[in-house]
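The structure under discussion appears below in the form of structure tokens.
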Amino acid sequence: TLTAGREQDQAILIEQQIVNNILYPKEDKEQKILLYACRNCDHQEVADNNCVYRNEIHHAVGERTQVLQDVAADPTLPRTKSVRCAQCGHGEAVFFQATARGEEGMTLFFVCCNPNCGHRWRD
């Protein structure tokens, strides 16, 4: 009966709460929905949100500065010899595009390749 089915569902939910099993994400390939399933029994729940994992990274101000200093040593970034550093006169810089703080568009940034300088400027 319908009532017996509901009681059984409630019993399974209560069992999951008592056992404290972790429910792992699982895809129902036929219905194309995300489920959370117990690996120790047949219990499954439809996920109320399609986000399985969220990785939020919060950078400290000092950490961002360190990243900008290290870009001169990054071999994957493009380099140019058509600019001169205004601080040390070195003739090579790496460059990349990024959004500047408070601006909407992309800005071209240069970083001096002189290991004793590391001066940064924008185009």
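Yeah, the Cβs are placed from backbone N, Cα and C, and that goes for glycine too.
All annotation found in TrEMBL is predicted automatically rather than curated by experts.
Features of the protein shown, as given by TrEMBL:
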| type | residues | note |
| --- | --- | --- |
| BINDING | CYS38, CYS41 | Zn(2+) 1 binding site |
| BINDING | CYS85, CYS88, CYS112, CYS117 | Zn(2+) 2 binding site |
| DOMAIN | 81-122 | domain 'TFIIS-type' |
Average pLDDT across the domain 'TFIIS-type' (81-122), rounded to a whole number
88
The correct DSSP tally for the domain 'TFIIS-type' (81-122) reads 0 helix, 17 strand, 25 coil
Within 10 Å of its Cβ, which one of these binding-site residues (CYS38, CYS41, CYS85, CYS88, CYS112) has the largest number of other Cβ atoms?
CYS112
For the C-alpha pair, I'd like the distance in angstrom between CYS41 (Zn(2+) 1 binding site) and CYS112 (Zn(2+) 2 binding site), rounded off.
60
Proximal but sequence-remote residues of the same chain as CYS117 (Zn(2+) 2 binding site) (Cβ under 8 Å, at least 6 apart)
CYS85, GLN87, CYS88, HIS90
Rounding to whole Å, the Cα atoms of CYS38 (Zn(2+) 1 binding site) and CYS112 (Zn(2+) 2 binding site) are apart by 54
List the other residues in this chain whose Cβ sits within 8 Å of the Cβ centroid of the Zn(2+) 2 site residues CYS85, CYS88, CYS112, CYS117, in sequence order.
ALA86, GLN87, GLY89, HIS90, ALA93, CYS113, ASN114, ASN116, GLY118, HIS119
Hey, does DSSP put CYS38 (Zn(2+) 1 binding site) in a helix, a strand, or just coil?
strand
